[in-house]
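> Okay, so TrEMBL annotates it like this:
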- 1-358: domain 'FMN hydroxy acid dehydrogenase' (DOMAIN)
- 108, 129, 157, 229, 251, 284, 285, 286, 287, 288, 307, 308: FMN binding site (BINDING)
- 131, 166, 253, 256: glyoxylate binding site (BINDING)
- 253: active site, proton acceptor (ACT_SITE)
């Protein structure tokens, strides 16, 4: 019998063994040269710690509050689509793991389980991720259904006017399953004999005209708070606050959209400064260790969202795998906090880390 994984990275290999190549490549792959995909992870490794000693860390409190909801640690589940391709229970298994770990799951708009199925699977705080379709009535219907079923916020993904060029999916002729949230509303069964049917589907249904003025439309159809996901610059962060969003997620879509954008951890501080504490800033992309979570918090994020590691846990061991991934990251964060001299997440400060920019400035 194979040894149990001892860190999140080891789940990736288990997922690769468990999944058909087409599906593994879909989950693991990035856009074009995959430069940003590698950089999302590697940029964390260039940030070092400045631990403080002789601090009482006999009790560690990792809990935090997101939009008024208390969670056990600042580690949330990012929206990832088509989870039934990873495991037959799909998003329901992930939702149950999130509930068991007392954290927030963001359900993908392109989920393979319905809003109702996920809502009734367990009791937990959940957010819904949203794409705006050319047929606005469909996006509006799903948002309103999520609100009826007790979802607590909408996470609007704004970096996808078109789908990024994911070459593995093109080579594998990736096929999209029918998406149950849209049954009877539109067909998601679009074939593309030249490449990825996902790309064909996206260009058919996503609204490339989506712009800042549409935030007003979204606030007119729901009472839920809106977080905007896909911000990488201070200009867009300021604009987001001006149009009245309730939170910002620094994200490059897991490096699946535009290659050669910065790693999210590299863009985080600029966004945090621009926002100036007016709304919470979260981060996703490249988080593989508890040390990464600590670094993001030190640079001003209120929490991180984890995508691929959750999928790898799901593919390898279902709900139990997702729980293990969340627990591993939490355990690593706890030991990082203890060894850095932080007994609660409020104690984690910019003074606890050194970035490449800090090192360059110290040389000047």
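Here the Cβ of each residue, glycine as well, is placed from N, Cα and C on the backbone.
Provide an account of the burial state, proximal residues and distances for the features listed.
Note: residue 131 (glyoxylate binding site) has non-local neighbours 109, 110, 139, 157, 160, 206, i.e. same-chain residues 6+ apart with C-beta under 8 A of its own C-beta.
Note: residue 253 (glyoxylate binding site) has non-local neighbours 157, 159, 160, 164, 230, i.e. same-chain residues 6+ apart with C-beta under 8 A of its own C-beta.
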> What average pLDDT is reported by the model for the domain 'FMN hydroxy acid dehydrogenase' (1-358)?
94
> Would you give the longest CA-CA distance, in whole angstrom, between residues of 108, 129, 157, 229, 251, 284, 285, 286, 287, 288, 307, 308, the set recorded as binding FMN?
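With 108, 129, 157, 229, 251, 284, 285, 286, 287, 288, 307, 308 as the binding residues for FMN, the largest Cα distance is 22 Å.
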> To see if you understand the setup: which same-chain residues, six or more apart in sequence, place their Cβ under 8 Å from that of residue 108 (FMN binding site)?
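In sequence order, 79, 80, 81, 82, 83, 91, 129 meet the Cβ cut-off.
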> Hey, how far is residue 287 (FMN binding site) from residue 256 (glyoxylate binding site), Cα to Cα, in Å?
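Cα of residue 287 (FMN binding site) to Cα of residue 256 (glyoxylate binding site) measures 15 Å after rounding.
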> Long-range neighbours only, meaning 6 or more apart in sequence with Cβ under 8 Å: which ones does residue 285 (FMN binding site) have?
40, 250, 251, 252, 254, 255, 263, 264, 265, 307
> Please state how far apart, in Å and to a whole number, the two most distant Cα atoms are among 131, 166, 253, 256, the recorded glyoxylate-binding residues.
19
